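Here's what TrEMBL has on this protein:
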{"type": "BINDING", "residues": "ARG56, ASP113, GLU114, SER115, LYS155, GLY172, ASP173, HIS250, SER251", "note": "substrate binding site"}
{"type": "BINDING", "residues": "HIS126, HIS151, ASP152, HIS224, HIS250, ASP283", "note": "Fe cation binding site"}
Amino acid sequence: MTISIEKPMFEEVSTFKKNKTEELELDGGFLTPKMATDGDEAFLAPEMNAFGRQFRDYDAENERQKSVEEFYRVQHINQTVDFVKKMRAEYGKLDKKVMSIWECCELLNDVVDESDPDLDEPQIQHLLQSAEAIRKDYPNEDWLHLTALIHDLGKVITLPQFGGLPQWATVGDTFPVGCAFDESIVHHKYFLENPDFHNPAYNTKNGIYTEGCGLNNVMMSWGHDDYMYLVAKENGSTLPSAGQFIIRYHSFYPLHTAGEYKHLMNEEDKENLKWLHVFNKYDLYSKSKVHVDVEKVKPYYMSLIQKYFPENLRW
């Protein structure tokens, strides 16, 4: 099932433009594969989220927005260099469970993202909505379909069998630690209570990093993005570099939406960011109350899992 929405919004916020061959061209001349085949209807981004409001509106006065702001207050206070080092050491052991990718997908039925102002549906539906929308528009990029399916699987770390981490250490927008917290980060004001904010080693533009060092050498706030990246990498996934980049940085809105922190990127990061811009449309705007028929699409995604991952993974 493909999510179809009547009124597009993406044209107003995108950096894409159509060229004469109907390929999408990113600023800088990068061409992405041709989208939906002639006669097919491509995915159109909706104007409003599942609650009838604008996407990523963190200022609207309603109960969900209040809880989202409280989430970010706690997150911003606690995501420090020391905390990130501790979490990467602990979860880098990959000793929580042995299971398949699809088993992990099914576990996400028990997870609702408290940081998301746009949707309160179980996560497996968001994964399938994103993947099916991309599959419609980019039929030949099967690695991108699978990346969409698995990009949020790291959210299982909020479940008891994976350590039961609080949501502020699992979900939400991500950002580098060890350098200044950019003002583009949502609810930036709460960083004033973060001890790293006042540490002269961490509160400059570069902090402990050097310009052009590459994002792989930058510590990101801990959460499901970095965890799933570690799972994919350490289990020998053959997803291309761009797929692993998307998994690791899809919540890095200060970079891919606000355009900040680019001074830390290397050339490989810049190439991969182009694909993250492609992916972001589907990650954000495919969220819907319309459910995908899981059993109908499962055989296709199982075939992709077998192509790019071992049967069982260490988590």
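Cβ from N, Cα, C; glycine included.
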Residues close to Fe cation site centre defined by HIS126, HIS151, ASP152, HIS224, HIS250, ASP283, Cβ within 8 Å: LEU127, SER130, ALA148, LYS155, ASP225, ILE247, SER251
Distance from LYS155 (substrate binding site) back to HIS250 (Fe cation binding site), taken between C-alpha atoms, in Å: 13
Rounded to the nearest Å - Cα separation of HIS224 (Fe cation binding site) and SER251 (substrate binding site): 9
Cα-to-Cα gap, SER251 (substrate binding site) vs ASP283 (Fe cation binding site), nearest whole Å: 10
Pairwise Cα distance for HIS126 (Fe cation binding site)/LYS155 (substrate binding site) [Å, integer]: 12
The one of HIS126, HIS151, LYS155, HIS250 whose CB sees the fewest other CB atoms within 10 Å, among these binding-site residues: HIS250
Distance [Cα-Cα, Å, rounded] between ASP283 (Fe cation binding site) and ASP173 (substrate binding site): 13
Spatial neighbours, same chain, of ASP152 (Fe cation binding site) - Cβ under 8 Å, 6+ residues apart: LEU108, GLN123, HIS126, LEU127, HIS224, MET228
Rounded to the nearest Å - Cα separation of HIS151 (Fe cation binding site) and ASP173 (substrate binding site): 14
ASP173 (substrate binding site): tally of other CB atoms within 10 A of its CB: 21
